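The block underneath contains the structure these notes are about, expressed in structure tokens.
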Amino acid sequence: MTKGANRIEAALAETLPLLPEERSWSFRDMLAVKSGLSIATWGFLFGGATGQLVGFVDGFIALFFGTAVGLGILFFALLLPVYRNGCESFVFLRSAFGPIGASLLAVPLVLGMVPFSAAILSTMAGAATEEVLIGLSLFPADSGLPLAAIMSFAVLGVSFLLAARGSDTLRLFNLATVPLLVLLSGGLLAAVFIEAGWDTILAAAPPETRWDRPTRLMLAVELNIVAAISWFGLVGNLMRYGQSARGATWGTWIGLVPVSLLPATAGLASSLALGSPDPVQWMTPLVGPVLGLAMLLILILANVSSAVGLLQGNVTTIIQNFGAPIRQLGFAGMTGILCVIACLIIWFATDALYARFYSITASFGAIFAACIGVLLADRLVLRRSKVDLAGLHDTAGGPYAFWLGVNPAALIALAVGFAAYITLLEPVSQTPNPAFRYLSASLPAIAAAFAVHLALSRVVTIRARRGGYPGGRQAKLEIVDAEPAE
Amino acid sequence: MSRPRPTSFDEELERRLAILARCEEPDRRLPRTDTIALAAITAGCFAIVLIAQAL
């Protein structure tokens, strides 16, 4: 933020509740931005990880239905209320966890995830750029330079420049690039099928595991539920820009479910038939040098568009939840710091990123699932969808202060949900409990957190007249200023 | 944005909350039919997974 007589920058101001004139994205804009997010490295990687568990048909079922289940639940817990109120996602979380509780959650879920995700995206884009430069004979293959890492930094640099410019740049960039990205994903999918053959892909089996088919299918579904709920606050923050609830909702759903199937199915098929989900490794040999290089260029764009959305959506959370010192850095400053951390991860831990991609994602998924259970209970049952927007932004003792800014009931419910998840599926070793086969891990984790939060809130929090819930004396006073019931 | 923006983050928050409290915001709720469709798709997708497991 600039000091003195200058106005605060637009991007920084948009981290606050959006004004009606700022909520201008049409269905097409929303679809473009969300498609731009989903068509990228992680689409191929999740498809490939699915192909390590099940064959093509089961993999397709897991990719589509798992993602739809995860995203659908996320809509009811977080995305719809965030859209309705126009506030930042973790600011909305204050109504359940308290302002300090929400900020504590943002530490692992945003500060921990974003540099990791940005590093994954730019690493793959860097590898693709290296392939392009070598393919165009601009660099020899044995130059000895860490070309891929340098190119990853360049990709992060471009993403930073675009992300720091604010929401309108993100929208225009995606409107321009998404048609190309859809062509790329569709082209890659077609190329894999033409090269390997439909019969070969259908007959290809995943690596042997000790689990039976139903358990493997549920493991694949679980992976994709977790992938969808991991969008969490980022998607909510971007959805706020939608002009209408219908356009914002279905633009988001179509962009993150059917459109995400394009790269994920290509990753699934190539993992099964070609042995690798990473298109950088097989794209040029498969489609020839000219088309391969053109596709690699589009793949770089795909990862840049995702990285820009990732930074845009998450810097909003960081600005809103980590106090005045962070705001002093400004939107661009904070975006830059995240990019520098991602650069350090690329330099020191690129191989570990790929090797532990699934474990890291699944571990975070356990926290996300429990968090969703708390939010569902708090929003749908305890508050009946009514929150006080001014109260959400009052971090110095407003209605959602609970006890010293933390709601112990929500945190206990979160811990119980997390424990339920790892009881059913130990995420690092991927060891499922017998009940996992029928229940998955995230759905019972959501249910456990839901039940515990509901019970503790009714028995303790509401009786102590904390948290501004309807029913307490304090709550009755606050509801006067809340949104009118419709 | 057409309106002048203040210089401090907290002032900007106050200004926005005041505008939002005053203005006639369009209904930001998802229409009931869409809500039901979204819930049905979500539940139906998990049911399809269970059916696929049994096949």
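Keep in mind that glycine also has a Cβ here, set from the backbone N, Cα and C atoms.
Sequence annotations record features per position, and here TrEMBL assigns transmembrane segment to A:31-54, A:60-83, A:145-164, A:176-198, A:218-238, A:250-274, A:286-308, A:329-349, A:355-377, A:398-423, A:435-456.
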Whether the transmembrane segment (A:355-377) meets the transmembrane segment (A:176-198): three or more C-beta pairs under 8 angstroms: no
When counting Cβ pairs under 8 Å to the transmembrane segment (A:145-164), the leader among A:31-54, A:176-198, A:218-238, A:329-349, A:398-423: A:329-349
Same-chain residue ranges lying at least 6 outside the transmembrane segment (A:250-274) that approach it to Cβ under 8 Å: 25, 27-40, 43-48, 50-52, 55-56, 59-60, 63-64, 67-68, 71, 75, 79, 182, 185-186, 188-189, 192-193, 195-196, 200-201, 204-206, 228, 231, 235, 239, 242, 282, 286, 302
Any contact, the transmembrane segment (A:31-54) to the transmembrane segment (A:218-238), with at least 3 Cβ pairs under 8 A: yes
Positions on the same chain near the transmembrane segment (A:398-423), where near means CB under 8 A and six or more residues out: 94-101, 104, 365-367, 369-371, 373-374, 377-378, 388, 390-392, 433, 441-442, 444-450, 452-453, 456-457, 460-461, 466-468, 474-475, 478
Outside the transmembrane segment (A:329-349), six or more residues from its ends: residues with CB under 8 Å to it: 1-2, 9, 11-12, 15, 114-116, 118-119, 122-123, 126, 149, 152-153, 156-157, 159-160, 163-164, 166, 311, 314-315, 318-319
